[in-house]
């Protein structure tokens, strides 16, 4: 592949890690952010210590404070901003772009109020003449491991497989491999909804429950993620792949996962506002819980774990009470889809 220029919108942990992958592949990387001190640090110190204390970034990775400058002449744009601001940033991109680009996103969540998937948000805000079909970059991937070039395999999903293949070639190297997929709904819902289950898995750990309970919430969590995704139009096979069970395992079992850590702290009795403040990073599973719960109600999808976590976060229910409600609920067949 010839050298490409990519603007990464969002200098967080994942945006920075993906920037390093692209830089390793010989591409020109521009990281845009709205915190001047962070951009100055990337340019002057070649670090992003808020997320990676011991990592030195390549000097060719440049930070940008001005969005128009970051987008000037690029081949592709990668959104890695929090879900709640994706629409706002997309509006700004639509105003600043002067030519057609490949548009990708690597964020995992649903828009809080509309419950829309992020590719839908990007399609609405960026005119078709300025973009490709959206490509979703998602899968089991801790930024802390990717940044040190540990082996990582994820998916590139798009309605247009040719564009997905472009992204596959853009990122893939000896430690980072992408597989193409045309099930955008499945890949996006899997990436968003697994954060809810990770919060629950962390809470079980914080409460002192063992491996049996953790395995159960991952398995049953995958079932209800699949239920909702299929109701939205996804291919059920996607949930047995990298962006489905793969991402659920890595997020639902690891201390690297901010959603798991948030759940762990809640399980230990800490208040949500304290957990969010101490984390210092966006916990997508919190807002996604509300969106998924409301979607499930709207579509008539049975999601008991999501409902239990919703009650704990938004209705003040005790975690043990929520667990008891699941354990003593109506007996059901394991493979029921409603």
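The backbone N, Cα and C atoms fix where each Cβ goes, glycine too.
Record check, Swiss-Prot: sn-glycerol 3-phosphate site residues include 108, 139, 141, 194, 257, 258, 259, and the candidate from 150, 247 also listed there is 247. Binding of NADPH is annotated in Swiss-Prot for 13, 14, 108, 258, 282, 284; the matching candidate from 143, 317, 322 at the same site is 143. Among the binding-site residues 141, 194, 247, 257, 259, the ones whose Cα is located within 10 Å of the Cα of residue 282 (NADPH binding site) are 259. Cα of residue 139 (sn-glycerol 3-phosphate binding site) to Cα of residue 258 (NADPH binding site): a span of 16 Å. Residues 108, 139, 141, 194, 247, 257, 258, 259, recorded as contacting sn-glycerol 3-phosphate, have a largest CA-CA distance of 16 Å. The most densely surrounded of the binding-site residues 194, 258, judged by C-beta neighbours within 10 angstroms, is 194.
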